[in-house]
């Protein structure tokens with residue numbers, strides 16, 4: 001068979017690859033999005049439950065401060081759990097594999113789903129707080145492991161498209177939670193425990209079906225040293241028998257990395273050969289969260305109300321915004337291989353920058369010019385479109401692409417930690433920024449969007465349709481090293497304790 005035919009077959013989206021992608025994303029990434037949004041709609045009902053439960057125990061109601069503190073802890077346990085989950089990634093994916101970690105991760109979804117679903121009957125708000133921590137761990141693991149798993153399953157010409165699928169299911173999870181959270185559906189006194197407990201269904205489905213799909217061929221060959229299993233996995237994924245060329249590419253990657261061995265987080269920061277990769281991932285992950293995406297959603301209801309949207313109708317407008325998010329992310333799946341990662345990042349952050357600037361002006365002038373509130377709504381929608389095109393889906397995809405096998409798990413730990421710390425920081429600090437700066441709050445986010453755009457333009461290379469080795473050769477030139485990995489002389493400069501980690 002000639003090279004052109006082989007390349008064509010390698011790039012085919014087979015049934016096994018498509019189902020593995022959908023199952024991994026629906027069973028794991030969906031959880032992240034769903035649990036971000038599920039707690040918002042029934043928040044007042046859940047606060048009442050907290051107060052009533054406390055009254056049943058003590059014959060006294062919670063003070064306003066205590067109730068606010070309990071609710072804040074309930075909300076913040078999710079990003080805190082996400083941080084814990086991101087720190088567990090390296091150990092689990094190297095010990096259990098990518099698929100094995102996803103299977104274990106279902107425990108962190110099914111158990112809290114049961115606890116949250118039965119919390120009202122048990123009259124325990126502590127069960128909700130613990131559950132938020134556990135589903136946060138689930139989200140922290142899935143936000144790193146799913147892109148890693150899909151990036152290693154996909155052929156290079158489909159890696160971008162499949163790499164955006166996890167973000168698509170995160171946005172889909174948010175939309176489903178917004179729809180289920182309508183007051184006409186599950187945002188009721190009897191329905192909110194069901195709303196929170198639904199999160200266990202996708203996890204149970206993944207736990208039942210994912211064992212029948214292949215493990216990452218790269219993990220099987222490079223870390224498990226099992227060529228036969230790697231070949232079988234590739235044959236199932238590609239839909240044809242001649243996978244020798246792809247096996248050879250993985251082996252070349254493995255041979256190039258042997259001098260470095262396994263690269264821990266500490267070694268990741270010390271190695272000159274990985275300097276710009278690490279800096280880029282930190283900048284992009286921080287830019288993704290600190291650009292104000294959560295603040296936009298937080299502020300959206302007030303913007304809609306100021307534009308004259310009826311209080312009861314805001315929930316439908318919010319769900320409409322969630323629909324726009326899903327549609328644009330779905331579009332990104334198809335254009336990421338056409339336009340490339342770099343273009344989508346530049347376009348997305350530029351749109352977000354412009355939207356934040358115009359939104360600031362619109363909020364300042366909304367009481368003096370009648371049509372300004374409608375411009376505010378336009379800015380919110382434009383921001384959501386911009387973020388969904390590039391800043392939301394691309395950074396996690398790039399972690400898979402710019403790091404080789406030995407450093408990829410540690411890189412996801414770093415990227416995940418930055419992601420969740422930034423997420424937690426915005427949630428904690430934004431209410432104070434809003435009080436202090438008011439309408440000018442979004443200038444801060446505009447500056448972050450602008451700085452991230454400039455960094456992307458100056459530093460981040462295009463990775464579209466390139467092998468992992470080709471991408472790392474680009475970074476080798478940027479890092480001014482002669483090879484993809486540092487030679488043994490560079491490793492000798494590291495302390496022995498670092499090499500053993």
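Keep in mind that glycine also has a Cβ here, set from the backbone N, Cα and C atoms.
Just so you know, TrEMBL annotations never went through curation; they're auto-generated.
Taken straight from TrEMBL:
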DOMAIN    21-464  domain 'Major facilitator superfamily (MFS) profile'
TRANSMEM  69-93  transmembrane segment
TRANSMEM  102-122  transmembrane segment
TRANSMEM  128-150  transmembrane segment
TRANSMEM  162-180  transmembrane segment
TRANSMEM  192-213  transmembrane segment
TRANSMEM  278-300  transmembrane segment
TRANSMEM  316-336  transmembrane segment
TRANSMEM  343-365  transmembrane segment
TRANSMEM  411-433  transmembrane segment
TRANSMEM  439-460  transmembrane segment
Using a Cβ-Cβ cut-off of under 8 Å, list the residues of the same chain that are 6+ residues beyond the ends of the transmembrane segment (343-365) and lie near it.
284, 287, 291-292, 303, 332, 335-336, 372-373, 375-376, 379-380, 382-383, 385-394, 438-443, 445-446, 449-450, 452-453, 456-457, 460, 462
Using Cβ atoms only, state whether the transmembrane segment (439-460) and the transmembrane segment (316-336) have three or more pairs under 8 Å that are 6 or more apart in sequence.
no
Recorded stretch that, among 102-122, 278-300, 411-433, has the most CB pairs under 8 Å to the transmembrane segment (192-213):
102-122
I'm checking region-level scores; what's the whole-number mean pLDDT for the domain 'Major facilitator superfamily (MFS) profile' (21-464)?
89
List, by number or range, the same-chain residues at least 6 past the transmembrane segment (316-336) whose CB is under 8 A from its CB atoms?
37, 160-161, 163-165, 167-168, 171-172, 174-175, 178-179, 182, 297, 300-301, 304, 309, 344, 380-381, 384-385, 388-390, 392-394, 397, 464
Using a Cβ-Cβ cut-off of under 8 Å, list the residues of the same chain that are 6+ residues beyond the ends of the transmembrane segment (278-300) and lie near it.
268-269, 318, 321, 345, 349, 352, 356, 380, 383-384, 387, 391-392, 394-395, 398-399, 402, 411, 414-416, 418-419, 422-423, 425-427, 430, 434, 441-442, 444-445, 448-449, 451-452, 455-456, 459-460
